[in-house]
Amino acid sequence: MWLSSNVRQLALGLAISLLLVQNIGALPKCSANDEECKDRRMHPDFPASKIPLSRAMAGEDTNDYWRNLSKDFIQKKLSSTFNEKRAKNVIMFLGDGMGLTTVAAARNLLGGEEKQLSFNEFPYTGLSKTYSVDKIVPDSACTATAYLCGVKAQEGTIGVNGDVEYGDCEKGQDKEKWVYSIAKWAQDVGKSTGVVTTTRITHASPSGVYAHIAHRDWENDQEVKTACGSDKGIEDIAYQLINGEVGSKLNFVMGGGKKHFIDSRLYANGRRGDGLNLVDQFKNQDGSRNLYVETRDELMSADLKNYDRVFGLYQDDHMLYHLETDETTNQPTLEEMTSKAIEFLSKNDEGYFIFIEGGRIDLAHHQNFARIALDETVEFSKAIAAARELTSEDDTLIVVTADHSHSFSYNGYPKRGNDIFGQTPANPDDRKPYMTLSYANGPSYDRFFDVEKSERVDPTTVITGDRYDRFPAAWPLEDETHGGEDVGVYASGPWSHLFTGVYEQNAIPHMMGYASCLGSGLKMCTRK
């Protein structure tokens, strides 16, 4: 009996191995109690890839390669010392929707899994918990309040505390419930301040720098009027940027969203209804010392020494994705805007704080545009590399993080050298390929699942290499959702060692404030 049972197990194992080697599709089901069979199914031995391991580094097949790599890492850690100087400058980079899966997948675009994005080289890393007061999985508004103002809030609200509900016209006006960002803390001590984004400048993340509002969509007066009426006295986000307590003092502002600043009767694509042209208001503030630009050429040719404030709006809506631009597109890259911002803000001997967002990583994920999302992540990394090149780690604290993740998956045992946008080595039970990258939900669902036939569509017939390729989603939703897991925090410069560990997202501005002696909390310059 024992021999017979083991022979059957051996025969079953050989059969499974044969099927795997032949890669002929669905495998036999494991019995309920056969854990060894289940384990083989979880970690299959796929057939050798026909793709050469072009990405493997020389020596990876030896012990010494990996041992020396580890030794070098340890030596680097041992030689590092804590920088406990006061941070003159603070640069915060926000990769909107840049979860850890996005970071790992994007490295492939640099040439391989072993490559590093610029911020992966930072000496100190940690994880922040992104949940909000009312939601396990947050949005970009309440998270901006957390990582900029130091207080967690409810979904959809910006610059107000957790007592203000989404869309509450009355409570949102109560200044006792307003919370201020680290940009104001910097302004209060005479530092220059700025905000740069690839989204609308009135979008949720950049608004956290300067706005106080109960609804993230109230970007112009018409949106406020529709929601709350015209007699509440609520200032919309664009108005707060030009005339608000913090917004009116920002020295360097760039992004998209021109439509929210101008009345529809004054500008064809304008969305305002109050007769205002906030762009002209900016131009007329502070005499002739304000510079307004709308093109890359205008930005790159401007002599910034002649101005006190710079404002750039490059699109009516969000700025174009990097993959949508070419040599004829007169739109600056995030790297170029970052370099110009640092050049301009460095004029102030007191230092500066600037918030810089790679905002379209998130928007691409929402549309299941994996190819665009990863490219935007690489562009974000370039901007960070430029900032590091232009500043000194001795006096400039750089913090890189994300507001939240996405329901984005990087899976399926692909071989080294496999195209990150390609299929995995074996077919699943329905004998159709599946992709290395996919989403839990989103608008691509009906392209990859034939509802009438109740079966999957071969994804390799849908994904063609186009920049707008949508990658598979497991269930239908108009827009793919955020993810709720912790996100990475990467830091270099003074007091960057504070950013290690796992902590609440709202601790981030307090740590930046500590390093640069800003705000009313703990400060390195007053510690006992």
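Cβ coordinates are placed from backbone N, Cα and C, and glycine is handled just like the others.
Positions annotated as signal peptide by TrEMBL: 1-26. Feature annotation from TrEMBL assigns Mg(2+) binding site to D96, H203, S205, E357. For D96, D362, H366, D403, H404, H482, the entry in TrEMBL reads Zn(2+) binding site. Among the features that TrEMBL reports, active site, phosphoserine intermediate is placed at S140.
Cβ proximity to the Zn(2+) site centre (mean Cβ of D96, D362, H366, D403, H404, H482, cutoff 8 Å) flags the following additional same-chain residues: G97, D139, S140, I361, H365, A402, S405, H406.
Taking the C-alpha positions, the distance from H482 (Zn(2+) binding site) to the residue listed as 'active site, phosphoserine intermediate' comes to 9 Å. Among the recorded positions D96, S140, H203, S205, the residue whose Cα lies closest in space to that of D362 (Zn(2+) binding site) is D96.
Ranking the binding-site residues D96, H203, S205, E357 by Cα distance from H404 (Zn(2+) binding site) puts D96 first. Taking the Cα of S205 (Mg(2+) binding site) as the reference point, the closest of the recorded positions S140, H366, D403 is S140. Considering only the recorded positions S140, H366, D403, the residues lying within 10 A of D96 (Mg(2+) binding site) on a C-alpha to C-alpha basis are S140, D403.
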